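Swiss-Prot has this to say about the protein:
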BINDING   G54, R55, G56, G57, A58, G59, F60, S61, T62, G63  NAD(+) binding site
BINDING   166-213  FMN binding site
BINDING   C344, C347, C350, C390  [4Fe-4S] cluster binding site
Amino acid sequence: MLKEEDKIFTNLHGGQIHDLKSSKKRGDWDNTKALLDKGRDFIIEEIKKSGLRGRGGAGFSTGMKWSFMPKNSEKPCYLVVNADESEPGTCKDRDILRFEPHKLIEGCLLASFAIGANNCYIYIRGEFYNEASNIQRALDEAYKDRLIGKNACGSGFDCNIYLHRGAGAYICGEETALLESLEGKKGMPRLKPPFPAGFGLYGCPTTINNVESIAVVPTILRRRASWFASIGKPNNTGTKIFCISGHVNKPCNVEEAMGISLKELIEKYAGGVRGGWDNLKAIIPGGSSVPLLPKSLCEVDMDFDSLRTVGSGLGTGGIIVMDKSTDIIYAIARLSKFYMHESCGQCTPCREGTGWMWRVMIRLVKGNAKKSEIDELLNVTKEIEGHTICALGDAAAWPIQGLIRHFRSEIEDRIKSYSVAIS
């Protein structure tokens with residue numbers, strides 16, 4: 001359990017005013033110049049030592065990612081913050097944008113300095129109108145107070161931060177599709193290599209980070225890497241914002257230590273499963289793109305490695321709880337429809353496969369299928385997985401794989417019941 005004094009996001013639920021003056025009282029912008037004066041190498045090394053891993057889903061080392069940027073580039077370097085939060089079941093970044101905007105902006109300055117970027121773009125989801133307005137007000141405050149812009153915080157470093165609104169496409173949450181959109185083109189993922197650190201925005205070195213990954217940076221640097229690394233578990237350090245939704249008594253966002261058990265998280269903060277733990281059927285532990293877990297596996301620790309060992313993933317930390325009243329086949333079919341709708345259509349396996357999977361899933365919901373089609377569907381998911389430019393194909397395949405792995409008998413019973421009903 002995370003101690004109160006170790007929480008980074010002290011205004012996560014918006015109980016206090018989030019303007020610049022109030023944010024400073026909570027510790028934001030506290031002697032930021034001193035952190036900048038320590039130099040680029042110090043910042044990158046501290047983030048590496050902290051063990052911070054990307055909070056957007058991939059879980060790659062943030063400090064390592066920054067170190068890939070060239071130190072003496074002839075081209076301008078860019079930092080891009082991915083605030084295009086569109087994963088079903090995930091709303092953590094939204095609360096940071098709403099209630100902790102200055103943590104994000106200060107993090108942008110420190111991260112930009114670390115990678116040598118004089119320009120930073122915050123790419124925000126198109127539907128986040130109020131959040132975009134909130135961030136823009138915070139940016140205006142920071143510019144007025146000379147915390148960013150020319151000679152940011154009196155450090156001699158120039159850092160301009162721009163807000164860019166998306167247009168509602170889920171695919172633009174993929175980092176290279178986001179760059180395409182930012183350049184004014186259709187948001188379609190790029191082939192890699194080249195990677196953004198070498199050829200990113202406008203063909204220049206670019207680092208893309210998630211909102212939460214950037215927002216925790218100032219606190220890590222102030223309290224030092226050893227403090228952050230002491231929280232959580234080895235290789236899964238620090239705090240994490242978890243979004244708990246679905247069939248719980250008190251849906252909420254909560255900051256907790258990495259490695260807390262899934263059951264403890266739900267019972268302590270979300271008031272438990274509706275109808276009690278015995279009424280639990282399954283949980284999606286990391287946003288809609290990771291495989292679900294049946295009740296028997298739902299006491300797993302919430303970290304990257306533990307969830308991988310049980311065949312799922314931490315993803316964004318979006319926990320979707322489903323009780324025994326849930327039609328689990330329909331629930332996954334609905335996710336299939338989402339991925340079909342959001343596919344950009346660039347890759348044939350994803351363009352054709354997501355639609356095919358959804359049509360089969362709809363028949364499985366009714367039971368209007370043959371048992372052999374279950375294995376056929378599973379084989380198609382494996383043909384899509386790993387055969388697309390970006391991970392949307394994987395995200396569409398994994399929920400179905402999880403369903404078949406853990407609830408095959410329920411699918412078979414549905415098919416049998418349908419056959420009996422029409423005979």
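Every residue gets a Cβ built from N, Cα and C, even glycine.
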Determine, using Cα-Cα distances only, which of these binding-site residues is closest to A58 (NAD(+) binding site): G166, P196, C344, C347.
P196
Note down the number of other Cβ atoms within 10 Å of the Cβ of A58 (NAD(+) binding site), including every protein chain shown.
14
Work through the binding-site residues one by one (G184, R190, I208, C347, C350) and name whichever has its CA nearest to the CA of G54 (NAD(+) binding site).
I208
Pairwise CA distance, R190 (FMN binding site) versus T62 (NAD(+) binding site), rounded so that it is a whole Å:
21
Nearest by CA distance to C344 ([4Fe-4S] cluster binding site): which of the binding-site residues is it, out of L178, P196, Y202, I208?
L178
Inter-residue C-alpha distance, C390 ([4Fe-4S] cluster binding site) and F60 (NAD(+) binding site) (nearest angstrom):
16
Out of C172, L178, I208, C347, which of the binding-site residues is least crowded by other Cβ atoms within 10 Å?
C347
